[in-house]
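*Asks:* TrEMBL lists these features:
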type	residues	note
TRANSMEM	12-31	transmembrane segment
DOMAIN	74-122	domain 'NADH-Ubiquinone oxidoreductase (complex I) chain 5 N-terminal'
TRANSMEM	81-106	transmembrane segment
TRANSMEM	118-137	transmembrane segment
DOMAIN	138-433	domain 'NADH:quinone oxidoreductase/Mrp antiporter transmembrane'
TRANSMEM	173-192	transmembrane segment
TRANSMEM	389-412	transmembrane segment
TRANSMEM	424-449	transmembrane segment
TRANSMEM	479-497	transmembrane segment
TRANSMEM	538-557	transmembrane segment
TRANSMEM	592-612	transmembrane segment
DOMAIN	638-702	domain 'MrpA C-terminal/MbhD'
TRANSMEM	656-673	transmembrane segment
TRANSMEM	712-736	transmembrane segment
DOMAIN	765-817	domain 'MrpA C-terminal/MbhE'
TRANSMEM	784-802	transmembrane segment
Amino acid sequence: MSSVVTAAPYLILAAVCAPALSGLATMLLGGSRRLPRLTLAAAGPVASVALLAIHLGRHGVSPADTPTGTIPWVPSLQLDISFLVDGLGAFFALLIAGMGVVVVLYARAYFGPDDASLARFFPTLGFFTSAMLGVVLADHLLLTVLFWELTAISSFLLIGWDRDDADAGKRAMQAFFTTGLGGLALLGGILLFGGHTGIWRWSRLIAEATTISHDGTVVAAFVLMFVGAATKSAQWPLHDWLPGAMKAPTPVSAYLHSATMVKAGVFLLGRMLPAFGALALWLPLLVSIGAVTMLLGAVLALGQSDLKRIFAYTTVSHLGLLVAMYGMGGASTAEGLMAIDWDLTQIASHALYKAPLFLVVGALAHLVGARRLPELFGLWHRPGTDTKVVAVVLLLSGYALAGGPGTVSFVAKEFFFAATTHAAGLHPVLAVVGVMAMAAAACNVAIFVRLATTVLGSSAGVRDGSAVPEPDAHGVDRWAFMLWAPAAALIALQYLGGLVPSLWNRTFRGIEVNVNDGAFADGLPWAWEPFLHPGMPLLMSMVAIGVGAVLGFSGWMRRDLVDVHARIWPASYRGILQGGHRLFHSVQTGHVRHYLAVVFGVLTLCIGWAAWADPAMLRPPAGMAPLEYPAGLLLGAVVCATAIALPMVTERVVRVLVLGASGFAVVGLYLVYQAPDLALTQLMFEIISVILFLLVLRLLPRPDRRPRIRVLPRLALASVVGITIGWMTLIAGHAADSRADDTPTLGAFFEAHSLQGSELTDGRGGEGRNVVNVILVDFRGFDTLGEITVLATAALGVWSMLPGRRRHREEEDVRVPTGQGTQR
């Protein structure tokens, strides 16, 4: 048994990586091998489902406070690949992998004969699927952040799929930027929390939830983590990226915006609830943001005519509902989390009707060539069996969106209404959330009514040729049935769970995280039970249905509404570009003196701050005798004087001579302090460099007469930096000399091994008496070789750009007759 338990983390790791590996494997298939490519792409998420099922069958669902397994990664930094397959993680993982299989099959029909798109789509989709599986199954907090950022990268590639559409690129950038900022906030919150508490695992965080002090640091970490979750799940006021992401192909919209990417933030809140739900800030922050998002998304969805935008805004609305639901989960910690019940059913219900709705939009783009309500009037009366099947699936999915009786979404709506009623009993102000929820539910009902009246409208209203073909229609081939079959299968599960709740209860009871001893303790009720035992939730549902029906048949909000929040991103993007341009040119001035001034200025300030903290650094080292080497002081003064005089001299030849004098003074210092080898090397370098400078000067044009730069400020800064670094060098040298004699040093090692070796070097030495030369060609031989290569490459580049060389090539080209090559 132990071997099986040990293998558990590797089994989960394989489940996480399988979609990415199978997606990459499809790139090995060339040509129009569509069926092998489809089989290979689907094998990844299928393998993930199978591996997760095997793990759950052997070990069951892990408690939330017990890690499933750990694979060592960087033990010295306490980093490891650890997984947590509790009820929350297992549910999301199965949902992600299962929907991945559906989307792969649908994509085959959606892209049709477009083999190039399929070849690009499957690897990117597999990459995203693996990243999402990593997010929901990771136990280590930093591993969660790693996979979180991978979802941002892969979603950017999927949203900006159409490389010829500039707007798609802008929308992908908006999604990446918005969720990327949230990712940075999440990272900051995790680092702040982990550094403060020493807790770096979700399982340990949940196990020690009651012992964590709710001080200011923990609250700040929670706020940052919530910002990360809110941006990912498109919460107000940063929700506009999700409707904008509808520029992506329909398979991407169905996958990212129904069951995966946008649910990542909701998943994170579910992870955080046991540990942070008792915070005083949890309930007001989550409920206020979630409730506003819920109502705003529903109203904006009602005021749209494009199906994709309608379903995008209803997704925003439902995400707000889920955030508010988890927010109310902290309403009563003393009595248990009674304000939240069957939360995973709520999430699954949304996925089972929202994915079919998006899939149907893609089918309509292929079969009808339109996706706007005015262009779909009388859809049921149009010819074609596939068109009628799509119309039926659209109506059934719309009915589930409205939360009609007989669906899982109806019971899920009852769950939420019951949660608002319970929370209002604890905090009366939360009754406002119940009213907002009824208004949002009424908008969903109105949307279904308008869908039904449009689809079932009289055939006299059909306008032939009025539809404009959608740009994402790639043609239909013999796989056309897959345009509606996946949607039909998903919506069938919605009705199967609603009409036969015992099947749903047996499936979900083992993984549901929050099941309370209330009206729904036994699970989903039969379809007629709420009507036999009416209560406040049923009354709220009936009010929402009645108001929604009236609203749907009315002429109110028939024109497209403009979301004022859509202006946030363009204004922010322009501000970032303009501000970045100004900041770049203010920092990157193009003058080396500015860069050196900043670098050395900051270094001096840091040393000054350290000296202020430790005044002992300002005292001269004990036993220092400044006048012990008067020749050294004199030569040092020469070096300083020549360095000061160098920027003041205007003539080139004099500058070269002053520079040479500084170098020769350094050579004298080496001699005074008994380093003859180094002095000889430096002397040869100085002689050669001075000669080369003088030879090159005659080839350079005369310098322009430019206004002189102020010397005094630069001289002051250089003096301060020089004195500071010189003083630190003196202190560091004294500290090195005061160490114990048995402390090994590089200098002693080089000196001992420059001629002969020892046991440490297997008897091999440098075979040279000049220690400096041995260091350059032996101990640092590869470094010297790299420097020579760089210098040689730079010299070749300069030589190729010389004007004389270029003129010589141009003259050769003129002498060669047209159409003839040179004989070599």
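From the backbone N, Cα and C atoms, a Cβ is placed for every residue, glycine too.
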*Asks:* Cβ under 8 Å to the transmembrane segment (538-557), counting only same-chain residues 6 or more beyond its ends: which ones?
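*Replies:* 299, 302-303, 402-404, 410, 413-414, 417, 434, 437-439, 441-450, 453, 530-531.
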*Asks:* Could you tell me the mean pLDDT over the domain 'NADH-Ubiquinone oxidoreductase (complex I) chain 5 N-terminal' (74-122), as a whole number?
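*Replies:* Averaging the confidence scores along the domain 'NADH-Ubiquinone oxidoreductase (complex I) chain 5 N-terminal' (74-122) gives 86.
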*Asks:* Quickly jot the same-chain residues contacting the transmembrane segment (389-412) by Cβ under 8 Å, restricted to those at least six beyond its ends, or write none.
*Replies:* 314, 342, 345-346, 348-350, 352-354, 356-357, 360, 363-364, 367, 379-380, 441, 444-445, 447-449, 451-452, 455-456, 483-484, 487-488, 491, 494-495, 497-499, 501, 504, 524-525, 527, 530, 541, 544-545, 548
*Asks:* Excluding the flanking five residues on each side, which residues at least 6 beyond the ends of the transmembrane segment (712-736) place their CB within less than 8 Å of a CB in that stretch?
*Replies:* 593, 597, 600-601, 603-604, 607-608, 617, 621, 624, 640, 643-644, 647, 745
*Asks:* Are there residues at least 6 beyond the ends of the transmembrane segment (12-31) whose Cβ is under 8 Å from a Cβ of it, and what are they?
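*Replies:* Same-chain residues near the transmembrane segment (12-31) but 6 or more away: 37, 40-45, 47-48, 51-52, 55, 68-69, 71, 81, 83, 85, 93, 97, 100, 115, 119, 122-127, 129-131, 133-134, 137.
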*Asks:* With DSSP helix as H/G/I and strand as E/B, how many residues of the domain 'NADH-Ubiquinone oxidoreductase (complex I) chain 5 N-terminal' (74-122) fall in helix, strand and coil?
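*Replies:* Across the domain 'NADH-Ubiquinone oxidoreductase (complex I) chain 5 N-terminal' (74-122), DSSP assigns the residues as follows: 36 helix, 6 strand, 7 coil.
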